[in-house]
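Novice: There's a structure below that I have some questions on.
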Amino acid sequence: MDSSRGKEKAALESLAGGDPFGSVEPVKKPTGRLIMHSMAMLGREFCYAVEAAFVTPVLLSVGLPKSLYSLVWLISPILGFVLQPVVGSASDHCTSGWGKRRPYILALGIMMLLGMALYLNGDMMVSALSPERGKQRTWAIVITMLGVVLFDFAADFIDGPIKAYLFDVCSHQDKEKGLHYHALLTGLGGALGYLTGAMDWGNSVLGRFLGSEFQAMCIIAALVFLICLTVHLCSIPEAPLRDDSTETKLLLKVDGPSEYGSIESVNNGYLKPGYAEKKTLSELGKSTETPQTQVQTRMTIKCLLKAVLSMPSHYRCLCISHLIGWTAFLSNMLFFTDFMGQIVYHGNPYAPHNSTAYLTYERGVEIGCWGMCINAISSSLYSYLQKALLPYVGLKGLYFIGYLLFGIGTGFIGLFPKVYSTLALCSLFGVMSSTLYTVPFNLIAEYHREEESQKEQHGGEAEAIGRGKGIDCAALTCMVQLAQIIVGGGLGFLVSAAGSVIVVVICASAVALTGCCFVAFFVRFVE
């Protein structure tokens with residue numbers, strides 16, 4: 001046994017170039033692999049764009065009462081805000097042989113496809129299954145609402161495991177590069193989705209064959225997402241948290257960088273998980289090792305709440321700034337097409353459908369979709385530009401600029417609601433979008449890197465805090481759900497009180513400019 005262990009250790013040292021259990025920086029990932037990893041964001045954003053283009057017509061076509069609109073948009077973010085950290089923590093402690101993150105990404109991807117199929121095909125499914133016409137409308141509304149909630153829930157949740165997956169398997173430089181590719185392909189996916197949704201699929205061969213443009217878009221979006229998800233899952237191998245052949249709890253001897261429940265410092269793509277030194281609990285008492293071992297246990301709800309509540313102040317400030325940013329961004333984006341139809345084009349959504357006022361409103365909504373497409377394209381372009389700006393202005397400059405330009409742009413749109421100026425200023429929305437998708441997660445990576453360095457300086461004796469990269473990313477992304485709750489519950493009341501949708505862009509501008517001050521004075525940036 002001793003000779004066998006000696007040979008195994010020698011093999012490890014030859015692979016790792018020294019102590020196999022020392023701090024090992026993950027090898028540099030090829031650009032192609034990082035682009036493959038980012039394909040999931042393209043597919044997700046493509047499906048989001050399809051939802052933005054089609055969900056309102058679908059809900060109207062099945063006869064959803066106006067009193068239930070707010071319910072549809074509030075259920076998913078409420079569930080997301082409550083459950084997002086739970087999913088993040090669960091992925092931190094997942095012991096699947098396929099890795100920690102990919103099983104969750106696959107499950108949430110399947111839920112996205114199921115939700116999209118339900119809300120785009122609910123009416124057709126009910127008509128085929130229920131012969132009673134009286135019940136068809138009720139069941140069509142129920143299935144369509146269920147599809148919208150399920151899709152939003154999964155699409156919002158999947159972002160956290162994707163980011164944590166990137167953090168687990170990449171070096172610090174590759175994390176920054178990967179986040180830029182994420183934002184780049186997110187904008188590209190949105191632009192392609194809006195352009196695809198603008199086409200008349202109802203009169204195409206595919207639309208006539210399937211029965212309607214809703215079914216045609218369902219097939220197209222599902223194919224795009226499946227291809228992107230498959231490429232993403234095959235992009236970079238993950239190391240499992242433990243050897244699946246062992247039924248007992250395992251102890252992994254890890255160094256400083258593994259504080260957050262990750263073992264990428266030992267084996268992410270370059271050391272096999274079977275090589276990690278393992279000790280059973282019965283052997284622990286006989287060990288003379290220094291206390292650098294950690295037991296990988298599944299976090300309970302009590303431990304989870306403790307980890308979230310004990311979050312360091314700089315993490316908490318980052319979450320608040322992220323909440324402010326998303327509140328401003330969603331305030332504008334969720335009502336933007338309605339703003340174009342009513343304020344810029346002076347249409348009336350409540351006029352008879354064959355009237356000039358209503359047709360003018362529809363034209364404004366159509367142009368508003370093109371504005372959202374401009375936003376997506378500018379987001380992609382700015383994501384690429386960020387890499388050039390980062391050495392000069394740093395993360396603090398990028399964060400501040402994103403909020404400032406968005407606040408100024410929405411303010412000018414509210415003051416001067418003209419067609420061409422509004423479309424031109426839509427490019428500033430993309431700056432904000434790209435900023436929200438990259439800079440906060442870059443800061444999370446910087447915080448982790450700083451804490452890992454501090455732990456190394458103290459000889460790995462820093463106290464484990466029970467939080468992993470998954471739960472930190474989840475805590476950040478659940479701010480998106482909280483922003484949706486605030487926007488969904490508050491802006492409708494403000495619009496009714498003001499009597500005009502113009503209050504939306506004014507509020508978005510004020511919140512974004514408030515975010516500028518918060519970023520400047522409260523968010524901590526690692527030097």
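The backbone N, Cα and C atoms fix where each Cβ goes, and this holds for glycine too.
Sequence annotations record features per position, and here TrEMBL assigns transmembrane segment to 46-64, 70-91, 103-120, 140-158, 179-202, 214-234, 323-345, 397-416, 422-445, 501-523.
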Novice: Considering only the recorded stretches 214-234, 397-416, 422-445, 501-523, state which has the highest number of Cβ pairs under 8 Å to the transmembrane segment (103-120).
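Specialist: Answer, by Cβ pair count: 214-234.
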Novice: Can we call the transmembrane segment (397-416) and the transmembrane segment (501-523) in contact, meaning three or more C-beta pairs below 8 angstroms at a sequence separation of 6+?
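Specialist: Stretch pair touches.
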Novice: Going through 140-158, 214-234, 422-445, 501-523 one by one, which has the most CB pairs that fall under 8 Å from the transmembrane segment (179-202)?
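Specialist: Stretch with the highest Cβ contact count: 422-445.
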Novice: Counting only residues 6 or more past its boundaries, what in the same chain has a CB within less than 8 Å of a CB in the transmembrane segment (422-445)?
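Specialist: Residues 163, 167, 172, 175-176, 179-180, 182-183, 186-187, 315, 318, 321-322, 325-326, 328-329, 332-333, 340, 344, 367, 370-372, 374-383, 386, 395, 398-399, 401-403, 405-406, 408-410, 412-413, 469, 472-473, 476, 512, 523, 525-526.
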Novice: Would you kindly list the residues that approach the transmembrane segment (323-345) from elsewhere in its chain, counting only those six or more residues past its ends and only Cβ-Cβ distances under 8 Å?
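Specialist: 360-365, 367-369, 371-372, 375, 402-403, 406-407, 410, 417-419, 422, 429, 432-433, 435-436, 479-480, 482-484, 486-487, 491, 495, 500-502, 504-505, 507-509, 511-512, 514-515, 518.
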